Structure formats: C-alpha cells, structure tokens
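Single-structure report; data block below.
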Amino acid sequence: MEQVAEGARVTAVPVSAADSTEELAEVEEGVGVVGEDNDAAARGAEAFGDSEEDGEDVFEVEKILDMKTEGGKVLYKVRWKGYTSDDDTWEPEIHLEDCKEVLLEFRKKIAENKAKAVRKDIQRLSLNNDIFEANSDSDQQSETKEDTSPKKKKKKLRQREEKSPDDLKKKKAKAGKLKDKSKPDLESSLESLVFDLRTKKRISEAKEELKESKKPKKDEVKETKELKKVKKGEIRDLKTKTREDPKENRKTKKEKFVESQVESESSVLNDSPFPEDDSEGLHSDSREEKQNTKSARERAGQDMGLEHGFEKPLDSAMSAEEDTDVRGRRKKKTPRKAEDTRENRKLENKNAFLEKKTVPKKQRNQDRSKSAAELEKLMPVSAQTPKGRRLSGEERGLWSTDSAEEDKETKRNESKEKYQKRHDSDKEEKGRKEPKGLKTLKEIRNAFDLFKLTPEEKNDVSENNRKREEIPLDFKTIDDHKTKENKQSLKERRNTRDETDTWAYIAAEGDQEVLDSVCQADENSDGRQQILSLGMDLQLEWMKLEDFQKHLDGKDENFAATDAIPSNVLRDAVKNGDYITVKVALNSNEEYNLDQEDSSGMTLVMLAAAGGQDDLLRLLITKGAKVNGRQKNGTTALIHAAEKNFLTTVAILLEAGAFVNVQQSNGETALMKACKRGNSDIVRLVIECGADCNILSKHQNSALHFAKQSNNVLVYDLLKNHLETLSRVAEETIKDYFEARLALLEPVFPIACHRLCEGPDFSTDFNYKPPQNIPEGSGILLFIFHANFLGKEVIARLCGPCSVQAVVLNDKFQLPVFLDSHFVYSFSPVAGPNKLFIRLTEAPSAKVKLLIGAYRVQLQ
C-alpha cells in the first residue's frame, strides 16, 4: 500500500516525481518492501507527459473518453484540449497516430478495469496497475468538470506555456521510458473488457497481502506503516482532485500549493516507523501538517462555497472555475458527481480533525499503534481497519453543519451505489470508500447494529436500558472509537429526519422505539395507573425464570389501591383486558365474588376466556375463581375458548381442571367447537385430556361429523385414529385379561370416555339393535377400563383399584361378573333406546380416565 499511495501521488504531481521516488525508496528500506519505485514513478508520469508535450497546438487531443465499433472500424471518443464536452467527436484510430500516448493511456485504463475481476484470486499486485487505476478514476471524475469557459482556457494555456523547460524534459524522458515497458502488459490484458469492480477491492487485497507477507516481528513496523499509508492516501486524494481540474490550468494550481504538500508528505515518509524517532520531527511535522491542512481546506471550501453562502478563494480565477465546476456537476447528476462531493467532504473532515487535534504527535502515534495492535488480534481474517474508519466517530463530532444541504442532494445517488455495487464488500473496504462526510446513513447503520444483539446481551432489560447507548463487545472489536460514535449517533438521531431517506429514518426510529417501550411507562385510559414492565406482551427473552413464574402466579407486582374498585369496574376491566386494574382490585382488601354471573350467566373467567386474556385468566384462577361455571345454555369457559380458537387459553383452562365433556343445551362440546373451527392443535389437546369423541349432539352428530363438515382432513384423521386406538387397546386388554378364552363378536355401543375428575356419575343413551341370529353360548358384557393417556399412547387395565360402585341399565342394577372386582358387569340391553348410569367414586383430583364399552362375547 506504500507503493499504491506513492504511485498515486506521483501521478497527480509529475513535477516532483524524481524527489518522491527517492523518498519512497527510503521508506521502503525501513519496512522491507523494495523495488519498482523508479519504474512506478516513470509510469505515473507518463499519463501527463503525452498530453502536455504539444502545448502550443490548439487542436491537441486532451484524452480519449470512450470507444465503440461501427462498421468494422474502431472509433474513439476524443476530448479536444481547450474545448468542452459538447465538442467531443468520434475519430477513427488512424486519426490518432500522432497521439499514441493518449491512446495508450486509454487502453491501459480499459485493461485495468478489465483486469480487476481476473485478479481477484491473485495475491501479488503489480504497482503500475494501481497507478493507472488512480489515473482512470480521476479521468472519469474529471469528465464532469470540463465546463469552464473558453476564455479561461486560453488564460490557463498562456500560463501553461510559461512552464519551465526542465520539468517538460523530465516528463518526456519518463514518458519515453514507460512506452517500451508497458506495451507487452497492455496487449496481454486487452482481451476481455469488464467494467465491474472499483479500486477498493485491490486496495483491500493489497492490505491482506502486506499482512501475510510480513514477519511477525515486524508487527509494530506494519502498524505505524498503516498510519503513514492513511496520511499519504489523504494527500493522494487531494492530488487526484487536482487532476480532475481541466488540464490547461493544472500547472497554475499545482504551483500554488503542491510544493507545500510535497514537503509535508516527505516529512511523513521520512518519519521513522519506530516510536522513539517520532519525537525528532515533531515540530516540523506539525508545521507541515497545518500547511497541508490549510491548502486542502481552501480547495474544499471553494467547492462547497456556492451552497453555503461563503467564498474563500485562493485567487479570483480559481474561485470562478470552482463555481463553474459545481454548476456543471449539478446539471449532470451522475454517480461521479456524488463521488466528487464525497471526496471533498472526506478531505475537509480529515483536515478539520488534524487541525483541531492538540495531542502531541508521539502520543497520537502510540495510541494508534495500540489500537492497530488490538484490531490485529481481534480481527485475524480481515485487514486492519484504516485510520479514517477508526476515527470516524470523532470526525462526525467535528462535522460542520453547513454541509447538510449538499448532503441532501447527494444522498440518493450515494445510497444507490452503495447498495447495488458494494453489497458484498468487507466492512473495512466500506469504511475506506464510503463517504466520511455522509454521516447519516452510517449512523442509521450503527443504529441498526444496536438491535442485532444476541439473546445473552438482551437477557436483562434494565441493564440493556442503562447501557443502551453503548455498543456491544462484538462491535468494539471492529472499531476502537465506535462506542463514542454510537453514543453520538443516538443523541443526534432525532435530527436525522431532514438528512436521510424516509424509509431509513422510520426503520431506525421504529426499532429504537420498540426497545424503548419495553420498560417505558404509559398511562392507561383512566390516566391513573401505569402499565407494568411485565405487561400483557411478555418479553420472554429478557424475563428470568423466577420472574416468569411469579408472573404466572400473579405475584410479580403488588399495588396498593388508593380507592376501592367497584365490582362493575372490575368486570369492565376483565372484559377490556385491563390487567393493572384487575390486579390492583384483586390485591386489595376488597372482597369480590369472582363467580358472580351477569344477566347472561357469564362469569369473570368466561369473560377472560372469551377474550383470550390469558394473563387475566391466570390471575383469576390464582385468586380462586372457578373454571367450570356454566351459563344458562350450558356454555363453559372452555367452550368459549375453543369456539374463539384460543389455543393457549384452552391449555390454561385444561391445566386448571376444566371439564372437557360438558355439553351445551344443544349437546355440543368443546371438542365439537374445535372441530368446527378446524383447529387441530386444540382438538389434539382436548383428546389427550380425555375428551369423549363419541358424544352425540342434540341432532345426533358426533365430533367426526363436524370435522368432516369443516372439510379439515387433519382433524378428521386425528379423531379417527384416536377412536381406532381406543378400540384396539380395549380389545387387546380384554384378550389379555381372559387369556384368549373369550372371543369378541361385536360392540354394542361405541366406546365412551369419562374423566373421573369430572364427577362421580356417568350416563349415556344408546340404541341397541339385536342381531337376527344370536350365536349360541354368547352374551353381552360391560367393560369399564381404567386408562391413562400418555400423548397418543393409551394404557388400559381391568384390574387393580377400581372406582366403580354401581351400574344401572334402564333403572335395573347390573351385577359384576367377579365379586372382588367391579371392572366387568353383566349387561342386558333391550332392543331400541337404552339408558345407562354408572355410579363412581368421588375423586376430583384423579387423572384416570374410564373407557366404557359393551361387547357381545362368546366363550371358547
């Protein structure tokens, strides 16, 4: 990168090519990178030698802008010296025989653009490529700055002819030297023309190559060298800007301020990479830095002067030309315009930073070396972050407000380039090539970074709120100064609406407001109470297990009510989902009848279940509200929840002991409601809790009928498979119990399921149609299996503890087959309707389910 920066500088300032070559050689001896410096200087000087040899010819070719093929002939778009872009013409190659150097330069530009994609995997980069890429960049940018008037061009032409003959000879000698060396390289790389990537890819690869090639013992040298490289990159950017100006007045501008910059750069180059040598050149280096800063600021200030209403020109001709350039670029509105503005902005920011910094240079270099070493440890894969990126937070602090207007004009073009052309680039490359001046989009990106926290970092919301303006550890490893940058970006975020695209502002603000609102207190509709930090929307990622359990138990917060809350207010609060009011009321000393019904028979639990208010439901259940209350039409809270399709509400009610087989006045159960809605999750949940799939509604329809009616195959298959499982388990249990001495012929009625916890009484009605031919020696037995459901698995038994006390069929007691066990009863149904009643033991907390089935059996 030393070579890249120096090459670009020689390109921009050919008059000092020889001196800079010697300075480059001195630095390279210090860091172990030697060679090709004279060749690089000669190659960089070539770009100017050819176009300035014939200054007296008015019709001299300034440069070639483009090429095309028409009718088998290759035509070149020519910019004539002293003329504007409106006078560009397409000329055949034969007309350009006297301008072979210009043609050669254009071909090199084409070749280098093409070679970028090919060289992606090549570790070693040749120096001349970077030199000519710098030329091609500045050439393209200078296309937008050619609209100066012909009168000024003639003035500059006269000044140019006064140029010293020694400098001219120097250029011609170097140009001739380069001609012989560069032709073979050109011809080998002209085969395919691909205009893809920009200079930053090669810069990044050169960084990696430098990092890999150097020995570990030269780490300190490398770190200081990175700092020097950034300084030289700044001067190179300034001189690339110089090259963008029309070539007639280049001499005048260069002679005014380039010499001071060359002296400053030579001071930087001769600065030893070791800390102990830094103090020697402290005073001279600071003096030359100020001189360099002053010159650069004058140029950048002129470029922005038109918009901000102040002008500080070096001289009248220079100021007028800068104004013309600004107007011309604004008319064209190309991506190049945005790049010019960004470069000027970057330059001004950097110089402002250098001017305002008062720390001694030795201390600064030590700090930078320290930060570079830390970055190298933490980022082994990527190259070290450029200094400009590391200090971007402080640069933003020094950002002047008068650049906001121009920032608005360029932000759209800039954002398009970033998101289309640079989507896959590294963060370091982005930090180098992105505009340092356009702070707004970087701040938006930093604001987005704050929300990409890992769950561990979001574990405690109070800590998160306390440190919201700090950056996570992951981001500190990327950028030493990024914490300051993010703090500042959060403070200034409110001012970015006028400076950024609407979508970007809304995205960043919206995400931040979501974070802010986690623990932010709002006032409810009454304006008296505040919303809990653990409010209705549970933020489970930061909630601890103890907090969550307290929340489930209703013990998370305690409020002292100032005034007693009336019952009607409590009912309205439950209906509206006002968690705070309900909690305050239930935690007060006031006594409420939680099972009180309204005119339709709705209790508070039913209201909460029908509204899907899970938190309120848990709170009411914790305070002792009953979950099995029934309206006048037989509807329960579980039926309400299933009908409204609230899965979690159904789960809470089932866990609290809600009865699943309760029927409405029309005979429908919660299972039937779930089948109607086609919610397979609720169906599975109530089935596994012991719902009876064979209960018939008032119109003699079962749950299977409603599943088929809802046209939901999943629900239908779920029910069918469950019924088949129950039948299979019952038959296998009978065979095992009777040791295969009993043959099952046919079922008398479908298997019914009753949960013992739902009550000590079971009753059902069924129709019995006896077969025409009753097999000899056969009879009917009633089996009452005690079963447990383990998910889809069902385990049944006909022995052990028994909860059956009596069986009554059509008002007649049925006798047990075995006196010591009441699992199997003799059974004598009549043809037609029959009514079965079974008296069971009272066991409200029992988990056992009773499977009740009757079969015609025959002894074998």
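Each residue, glycine too, has its Cβ placed from N, Cα and C.
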Which of the listed positions, S192, S533, S727, does Swiss-Prot note as phosphoserine?
S192
Have a look at 80-87, 696-703, 768-775 and point to the one annotated region 'Histone H3K9me3 binding' in Swiss-Prot.
80-87
Tell me which residue from S138, S142, S425 Swiss-Prot records as phosphoserine.
S138
Could you check Swiss-Prot and say which of S182, S295, S403 is marked as phosphoserine?
S403
Secondary structure tally of the region 'Histone H3K9me3 binding' (80-87) (DSSP, helix then strand then coil):
3 helix, 1 strand, 4 coil
What average pLDDT is reported by the model for the region 'Interaction with humanin' (431-560)?
48
Distal contacts, the repeat 'ANK 3' (666-695) - CB-CB under 8 A, six or more residues away:
633, 636, 638-639, 641-643, 645, 647, 650-651, 654, 660, 701-704, 706-707, 709-712, 714-715, 718-719, 722-723, 750-755, 789, 791-792, 849
Who sits close to F59 (site 'Interaction with histone H3K9me3'): which same-chain residues at least 6 apart have their Cβ under 8 Å from its Cβ?
W80, K81
